[in-house]
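As written in TrEMBL, here are the features:
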type	residues	note
BINDING	HIS61, HIS63, HIS105, GLU107	Fe cation binding site
DOMAIN	29-121	domain 'Pirin N-terminal'
DOMAIN	176-279	domain 'Pirin C-terminal'
Amino acid sequence: MSQSAFNTPRLILKKVLAKSQHEGDGAVVRRGIGRSDLKNLDPFLMLDHFSVSPPGGFPDHPHRGFETVTYMLEGGITHQDFAGHKGTIRTGDVQWMTAGRGIIHSEMPAEANNKGLQLWINLSAKDKMIEPRYQELPSENIPKAEKDGVEVRVVAGEAMGVHSPVYTRTPTMFLVFSMMPGTEWHQIIPESWNSFVYIIEGEGVFGCPNSPPTVAHHVLVLSLGDGLSVWNNSSKPLRFVLIGGEPINEPVAQYGPFVMNTQSEIEKTIEDYQYGRNGFEMRKYWRSQ
Ligand code: FJE
Ligand code: FE
């Protein structure tokens with residue numbers, strides 16, 4: 001299995017270290033996707049490995065035209081939105097938020113130390129103005145599987161024969177792997193999807209057995225192909241996410257948390273937000289507590 005698990009194995013196209021930077025109010029993020037040298041890996045707009053402690057956080061802010069996926073690694077985040085939706089996600093939980101035409105919310109730390117991943121997935125033109133929707137999965141409802149020292153949590157998509165119940169309007173795979181020392185894994189990925197790896201901890205060999213190991217906090221952009229091979233030749237556990245999605249192939253116009261297709265749609269969105277229209281009606285009446 002180690003030599004030719006796939007017809008067209010995915011290899012590493014680009015390797016980028018996600019260095020820490022400040023975001024929000026006193027939060028720190030390692031931005032993997034969405035930085036100037038890795039702007040947009042269609043359909044993905046941003047991947048942040050965030051770390052936030054009180055009194056910091058991400059106070060009231062809007063979103064339109066895409067989805068945000070928050071996966072907690074440690075601690076908790078309390079979210080509150082302008083429609084009265086409120087809750088706390090904790091270690092291992094996922095919030096899959098389809099902002100669609102508009103959400104205004106706050107995302108604030110629930111404990112002393114809070115870490116996680118937040119992924120922004122674009123929506124196609126026909127879905128940008130849909131009604132907002134949440135899919136919330138506590139850790140125990142995220143399908144898990146284990147084989148020969150390799151564990152996977154299937155946040156979206158399918159692996160080891162288990163399927164996530166999350167509906168991905170933009171077809172997406174979001175797999176969280178933990179590999180014990182001395183293990184290998186060969187993961188099928190739909191051939192034409194864009195995909196990348198972000199290493200949470202440890203080090204691994206990705207693509208082919210003789211490629212140099214990659215350490216934590218790097219993003220690996222993968223070439224197209226039918227699957228990815230991974231080896232943990234180190235003496236410590238390796239934890240990473242493998243994320244893939246069907247490219248939308250449409251123009252992207254982004255202004256911070258607004259992602260549309262054209263600049264004039266962005267200008268319209270800024271007006272909608274300013275004047276409280278087309279999904280942002282509550283803007284004038286709502287503040288988080
Ligand atoms: C945002 C600045 C921001 N990464 N990771 C500008 F900080 C944000 C934002 C986040 C965010 C929130 C969480 Cl819980 C985790 C994040 C950026 O909220 F949306 C814009 N536009
Ligand atoms: Fe947000």
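The backbone N, Cα and C atoms fix where each Cβ goes, glycine too.
Around the Cβ of HIS61 (Fe cation binding site), a 10 Å sphere holds 13 further Cβ atoms from the protein chains shown.
In sequence order, ASP60, HIS61, HIS63, HIS79, GLN80, ASP81, PHE82, HIS85, SER288 are the residues near HIS105 (Fe cation binding site), counting only same-chain partners six or more apart with C-beta under 8 A. As a summary of secondary structure, the domain 'Pirin N-terminal' (29-121) carries 0 helix, 65 strand, 28 coil according to DSSP. Taking the centre of the Cβ atoms of HIS61, HIS63, HIS105, GLU107 as the Fe cation site, the nearby residues of that chain (Cβ within 8 Å, site residues left out) are PHE58, ASP60, PRO62, THR68, HIS79, ASP81, ILE103, ILE104, SER106, PRO257. Cβ neighbour count for HIS63 (Fe cation binding site) (all protein chains, 10 Å cutoff from its Cβ): 23. Filtering HIS61, HIS105, GLU107 by Cβ distance to ligand 1 (under 6 A) retains the following binding-site residues: HIS61, GLU107.
For GLU107 (Fe cation binding site), applying a Cβ distance below 8 Å and a minimum sequence separation of six or more within one chain yields GLY57, PHE58, THR70, ILE77, THR78, HIS79.
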